[in-house]
């Protein structure tokens with residue numbers, strides 16, 4: 001006969017075992033519907049304890065079933081329900097709590113990429129939890145991890161996709177780095193990749209956990225990913241390493257011939273993978289990025305981005321989106337499915353041949369945490385024999401945050417300046433002066449030893465940065481040909497022309513010279529523009545004697561005649577070519593006035609000026 005204590009113990013063990021079994025059944029049922037060999041329309045059983053609110057689950061049909069190549073067959077995964085994965089009590093409870101609030105089916109908010117509005121009674125918790133990841137976690141939890149999205153591709157891209165033969169293409173390892181990512185955004189990333197990717201093109205997904213401190217990203221995630229129908233590897237880094245080193249960890253593990261880096265809060269769309277893989281397979285020195293659409297950080301609405309934008313950068317070495325210039329549009333012609341050759345990529349999402357990635361030096365391991373690595377690899381690829389493309393037929397939505405939720409050792413600015421300085425020192429030659437003039441604080445940041453990276457550049461016989469500006473990015477805010485760089489100083493008052501932090505359409509001013517660059521950093525280009533980053537001094541739309549000069553966005557292709565000046569170094573005058581008037585510094589204003597011989601308010605010195 002069992003004792004009372006022993007009986008209770010046996011009952012407890014039975015209850016725990018039953019709970020774990022039910023959890024495994026629940027998860028198995030979920031992933032049964034991710035198996036392409038199963039029906040896509042069957043309802044979940046009525047007694048499904050976790051998903052009983054979603055009476056009918058209709059996961060997105062895997063892209064493998066609609067492969068454009070009739071001879072290509074998806075890899076059939078083993079029947080997941082035949083496998084048993086041990087789950088301890090604590091992990092089982094964590095998974096149950098996570099999945100009770102998790103939406104799987106199509107009957108939830110946000111379908112078709114629409115946004116969601118958080119109910120009034122949840123506004124307080126929404127605002128509190130927004131700080132967790134700097135996006136609306138509550139809204140994300142209201143949206144199915146299998147949410148539907150329209151086919152956003154152009155007709156030309158659909159036609160191109162239907163004609164694309166993917167049989168025999170190399171397999172891809174998808175690498176996703178995360179740190180304290182929200183559960184639902186990470187899962188939505190995984191589900192969308194698996195639902196919308198041909199299985200025969202996927203070698204594996206590699207998740208690199210950069211020292212997260214949230215419990216659900218350890219054992220619960222380990223257990224969850226084992227049920228997916230493709231190999232998913234999860235590595236937990238022992239120390240916070242940053243995006244760059246974490247990606248290197250993932251790339252070293254990768255078995256695929258192509259590496260495809262993704263962020264942890266994205267949603268891929270129909271036909272996203274095939275164009276990227278095909279372009280890299282065609283030329284192993286191509287690096288190809290998708291169009292990056294916007295997922296609202298508040299409502300999670302999916303908003304498509306323009307097909308005619310490309311990546312650039314400014315004097316701060318910040319990545320920027322700009323309109324594709326006419327010369328590139330002309331090269332592409334009327335074919336909307338043709339990739340855009342871009343000077344830089346955003347860096348979060350791109351595909352690259354694995355061997356080429358290592359041949360050209362992978363990532364600069366001297367960089368810290370995150371920031372600037374995208375410009376460094378962009379310059380390196382172009383200057384060392386490769387090319388960069390944005391493919392309009394591949395679209396991936398990305399949750400863009402207004403600020404990072406993460407902390408940086410020594411502060412964000414220090415890390416960003418450190419990384420940018422390494423890029424400037426290794427790749428930008430004499431043009432690094434533009435960065436240091438615009439960001440004087442970077443002069444005080446230690447860039448570290450860059451000798452190995454310079455040796456790499458020499459070994460690869462990479463081209464000069466001037467070549468890059470002249471041949472790849474002639475529209476860059478950094479002029480390939482310039483006459484001066486620095487302050488514009490009145491020779492008698494010793495005061496400087498200053499942007500005063502003004503923007504397009506506003507007027508600069510005159511301030512005491514501080515010698516630190518920044519707002520007082522100007523360049524007289526070989527074409528006669530007076531630039532401060534991507535803003536040019538201009539006579540403005542309406543000119544009259546004594547009117548103030550304006551700041552205007554510099555022209556991308558053809559020089560605007562309103563922006564052209566002629567400097568006489570001997571007389572010190574800056575003549576506005578169109579009006580024939582001289583730049584005049586009166587009080588705190590910068591104006592155009594009648595030129596007068598010996599007028600002290602019209603005598604200027606341009607720092608670093610070199611005559612043509």
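Just so you know, the numbers here start at 1 and follow the chain as drawn.
Heads up, the Cβ atoms here are built off N, Cα and C, so glycines get one too.
The substrate binding site feature in Swiss-Prot is assigned to 210, 240, 370, 401, 406. Annotation comment: Swiss-Prot describes 263, 265, 398 as Mn(2+) binding site. What Swiss-Prot lists as region 'Disordered' is 61-86. For 339-401, the entry in Swiss-Prot reads region 'Catalytic subdomain B'. Here Swiss-Prot flags 35-612 as topological domain 'Lumenal', drawing on sequence analysis. Residues annotated as transmembrane segment in Swiss-Prot, with sequence analysis given as evidence: 14-34.
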Practice task
Out of 210, 263, give me whichever of these binding-site residues has the highest number of other Cβ atoms within 10 Å.
Solution key: 210
Completion exercise
Rounded Cα distance, in Å, between residue 210 (substrate binding site) and residue 263 (Mn(2+) binding site) is 13
Problem - Cβ-based neighbourhood (8 Å from the centroid) of the Mn(2+) site, residues 263, 265, 398 excluded - result: 185, 189, 262, 264, 266, 295, 348, 349, 397, 399, 400
Exercise for the section: Identify, among the binding-site residues 265, 401, the residue whose Cβ has the fewest other Cβ atoms within 10 Å in this structure. Expected result: 401
Handout entry: Candidates 263, 265, 398 (binding-site residues) - the one closest to residue 240 (substrate binding site) by CA
Key = 263
Problem - Which same-chain residues, if any, lie at least 6 apart from residue 398 (Mn(2+) binding site) yet have Cβ under 8 Å of it - result: 263, 265, 266, 292, 293, 294, 295, 348, 349
Practice task
Across the whole of the topological domain 'Lumenal' (35-612), what does the mean pLDDT come to? Round it, please.
Solution key: 88
Practice task
Return the single residue from the binding-site residues list (240, 370) that has the minimum number of other CB atoms within 10 Å.
Solution key: 240
Exercise for the section: By DSSP assignment, list the helix, strand and coil residue numbers for the region 'Catalytic subdomain B' (339-401), in that order. Expected result: 17 helix, 20 strand, 26 coil
